[in-house]
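Chemist: Just lifted these from Swiss-Prot, have a look:
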- K77: active site, charge relay system (ACT_SITE)
- S152: active site, charge relay system (ACT_SITE)
- S176: active site, acyl-ester intermediate (ACT_SITE)
Amino acid sequence: MGLFDFSVKELHDKLVKKEISPFDLVSESFNRIESVEDKVGSFITLNKEAAFGVAEELGDAGIDPNNMLSGLPIGIKDNIVTKNLRTTAASKILENFDPIYDATVVSKLKNAQTINIGKLNMDEFAMGSSTETSYFHKTHNPWDLSRVPGGSSGGSASAVAAGEVLFSLGSDTGGSIRQPAAFCGVVGMKPTYGRVSRFGLIAFASSLDQIGPITKNVEDNAYLLEAISGLDANDSTSINQPVERFSNSLTGDIKGLRIGVPKEYLGEGVDPGVKQAVLDALKTLEKLGATWDEVSLPHSEYGVASYYILASSEASSNLSRFDGVRYGYRSPNATTLEELYTKTRSEGFGDEVKRRIMLGTYALSSGYYDAYYKKAQQARTLIKQDFVNVFENYDVIIGPSSPTTAFKIDGMINDPITMYSNDILTVPINLAGVPAISVPCGFSDGLPVGLQIIGNYFEESLLYKVAHAFEQETTFHKEKPNL
């Protein structure tokens, strides 16, 4: 049994009792990376020397018994800036970017005394659902190396599933934590918009982006979200909501819980194996005293179209800062200022990023603004209202995290529309801004299936309670890939 088979709480107890040291945990991480990284490709940049340095310092100082995360190894998605540690967003344009400050979540993790093992691979600028658009390399799913780990936080999910780190941070703009968590058989939480500071997150779509934790089990996830949540003066969209002790909600008692199951989430296009795993999960929840009814989120069908207009429009604006002037890649082939802009961006951005910038610029252009951007915002309002309506009568909404299990590498990369449609069950949650968690709920043809539990605003504690109760009745989260 490896050290990462233990939970956060178990490892914390061992550290406090000095049965193990932070150095042991960091060694475990890098030994595992040495063993499997060539197969999975979870990381872009490793932080080996600094990680061992922090581990030695913590070992000498002793573990704070009141600090649950002290001395534990974490991986961080490479669109979250880390001072003096290369942060690339998996793009050529930021290939050598060395940030001069830490993101707020990174500062919080340092205060919690976690140890950063390295920066994790992702789709370029978080634009993708497979981690295939990374400038550096493709990441492979630990359950089947011929398949994708999901995206855009594919490295964050694969590193946890492969046992390279104990837990990780990802970001979720349209499903980028929940879908890879589902594909890799781990737990991923997209918090309520504003629950976690975005300061230091390289922006894709500012009204949709949210940082969240990826872990092996629900309890670990709750501890990590506790550490990174809270109001931040550097992020005007962060919300002044008390930081809850999410871990206190894991009581196992869900008697009387009212579940809404959207008919749109189990209809055409959902793989039979995925649908069956979700229905089996609902039976498990019924045994625990919950009840469920079929409900409707009637405007879900407009989710993908609205999302790709709005997210691309915001990306068009956010990515205009990458111009070769202040930081990042600068084309050596430019002779005029105009050439500097055009060549830097055409050489520095990958195909998918350029596709979305062009789509967003088109949607924002004067002749098409009303027809596309404004219409998408109106659809977003209707999608949000759908959730409000259901939550008047139900405590949580449940469905699959993805309509399929992990697909083959190169299977969809040349078919953007099919790839985009894979987000159909996750983007409405970002458009509405509500929280959702993906937990392992079974397998289909040997590949993990994720159960998506969606809550009302700031009801992460309830999501953790439901997810934990389900997890305690099953063993799916204990299954490990054979690497």
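Backbone N, Cα and C define each Cβ position, glycine as well.
What you see is a predicted model, and the numbers here were worked out from it, not measured in a lab.
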Chemist: Would you pick out, from the active-site residues S152, S176, the residue whose Cβ has the largest number of other Cβ atoms within 10 Å?
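Modeler: In terms of Cβ crowding, the pick is S176.
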Chemist: Pop the Cα-Cα gap between K77 (active site, charge relay system) and S176 (active site, acyl-ester intermediate) into the table, whole Å please.
Modeler: 11
Chemist: Looking at Cβ-Cβ distances, which residues of the chain lie under 8 angstroms from K77 (active site, charge relay system) while being 6 or more apart from it?
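Modeler: The answer is K119, L120, M122, S153, G155, S156, S168, L169, G170, S171.
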